[in-house]
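Notes to accompany the following structure.
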Amino acid sequence: MDLPFRQKLSRVCTIMENAGIPLVKSDFQYTRYVSTDELVDVQSMNSFKIMDEKNNLGFRLRHRKELISHRSKVVDASFVLSLVGIICNVFHYELVLGDVIIYDGAASTVLRIITTITTCFLVISIIMYNLIGIRLQLVTTGLDNWKLVINSNIVVKTLLETIICSIHPIPYGNFTTPMLVLIPETFIYETHQVPINAILSVLMFLRIYILGRFLVVHSGLFRDTTVQSLGTLSKVNINAKFVFKALMSTMPGTILTGILVTTLIVNSWGVRICEYYSFENSDVKSPAGSYLSAVWLIAVTFLTLGYGDIVPYSVCGKIFAITTGMMGVGIMALCVAVLAKKLEQTRSEKYVHTFVQQIHMDKIRRNAAADVVKQSMLLWRLRKMGYKHTSTDIIRHRRKLISAIREMNKSSDEKYRLRDNVVGTVEIAKGVTEVCDMVEIIKDNQDTVNKRLENLETSSANIQKQLYEIRNLLRTNLR
């Protein structure tokens with residue numbers, strides 16, 4: 001037999017002789033430890049050390065922090081790229097609509113090429129952001145295979161973001177597409193040729209969601225490790241939804257104002273582009289083709305007023321109007337809720353206000369009680385003087401007496417009602433806590449009394465036993 005076979009046979013015999021090593025098939029990738037030095041694989045031990053270091057909690061936290069920092073930089077880059085692309089696109093169309101440059105000229109082509117370049121880099125940054133998110137899930141869960149954390153939601157989200165961020169005007173050519181347009185004078189739908197780049201320029205504003213991601217990533221709640229740890233312990237996801245709720249609680253006016261202004265600017269520009277290019281080759285022009293008219297249309301639609309003096313005539317403009325109306329309803333509802341919350345009294349203010357009202361009710365009750373005594377004395381005096389029950393003075397003072405009694409009862413009821421309104425959930429919780437503490441004290445006292453009773457029973461039993469022994473002893477001595 002050759003030498004390698006003998007070595008293998010020797011290892012097998014050594015393992016069989018050692019009863020401490022289980023003879024069970026295992027998929028463990030590292031060599032098991034035995035008493036012989038021949039079984040120690042240096043390469044396997046080094047790889048085991050590397051694997052142990054990667055599974056270390058400190059290494060995972062450090063790696064997670066590095067990935068979060070890298071993701072923040074990627075979000076910054078994607079935000080800058082999306083902003084530059086939108087600014088170049090808006091600047092290009094404003095120059096074209098102002099007849100400063102020609103659409104197919106060199107300046108127009110350069111601006112569209114810049115928009116295309118920024119869009120390409122933006123798509124790359126979006127893919128990098130989602131890949132970093134997958135790596136973060138691997139580090140958080142402690143897994144080593146990306147197939148274990150990826151699912152259909154991540155794939156759909158990545159594809160959707162990639163498609164949205166890749167929308168931009170075509171750098172070369174001027175292609176058109178048919179679109180239904182309502183003619184203002186005849187109110188008949190006709191098909192007009194609209195440039196595809198105009199529609200793509202309007203759809204470019206879909207990448208505005210990156211602004212929300214930028215604000216979330218740079219939020220103090222999202223970057224603070226303490227908040228992340230508390231969220232993990234409390235099983236609360238510190239995500240965009242949590243940050244939005246927190247900002248709506250701390251600064252609702254700023255958030256709602258920002259959403260309102262952004263909606264007004266973006267939708268106004270979109271309506272203007274849609275209405276202008278829908279009637280570009282027509283003798284009839286849309287009233288919403290100018291920016292100021294589009295701003296007025298969007299503002300009126302957002303506030304759900306709908307004067308009807310300016311209306312969109314293109315399908316694209318109508319879609320913008322419907323979207324603006326739905327957003328206006330939602331944001332106005334949020335504004336009403338925030339305003340109602342701001343006008344609501346705090347606990348301290350409610351206590352002070354209720355205390356003042358109770359003092360006022362006590363004063364009214366005292367005055368009413370004094371009037372009751374006063375009118376009763378006057379009635380007794382008039383009856384003493386011989387006035388009849390049907391006399392005018394008796395009836396007048398009796399009416400005043402009844403009114404004073406009614407006022408006194410009303411003030412008492414109002415005072416009790418105010419006292420009941422002061423009692424809220426906090427007071428109920430406090431009362432329940434006090435009752436529970438009192439029950440615990442009573443239970444402890446009862447346990448103490450029971451122990452003392454047991455001690456008394458034991459002492460009485462001992463005394464009885466001693467008395468019995470003394471009696472037996474005396475009987476023995478007397479005999």
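Counting starts with 1 at the first residue shown.
Heads up, the Cβ atoms here are built off N, Cα and C, so glycines get one too.
The feature transmembrane segment is assigned by TrEMBL to 74-93, 113-132, 198-222, 242-267, 288-307, 319-340. Per TrEMBL, the feature domain 'Potassium channel' maps to 274-344. Here TrEMBL flags 359-430 as domain 'Calmodulin-binding'.
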Touch test for the transmembrane segment (242-267) and the transmembrane segment (319-340), at least 3 Cβ pairs under 8 Å:
yes
Reported in the order helix, strand, coil, what are the DSSP residue counts of the domain 'Calmodulin-binding' (359-430)?
63 helix, 0 strand, 9 coil
Per DSSP, what is the residue count of the domain 'Potassium channel' (274-344) in each of helix, strand and coil?
49 helix, 1 strand, 21 coil
The domain 'Calmodulin-binding' (359-430) [mean pLDDT, rounded to integer]:
84
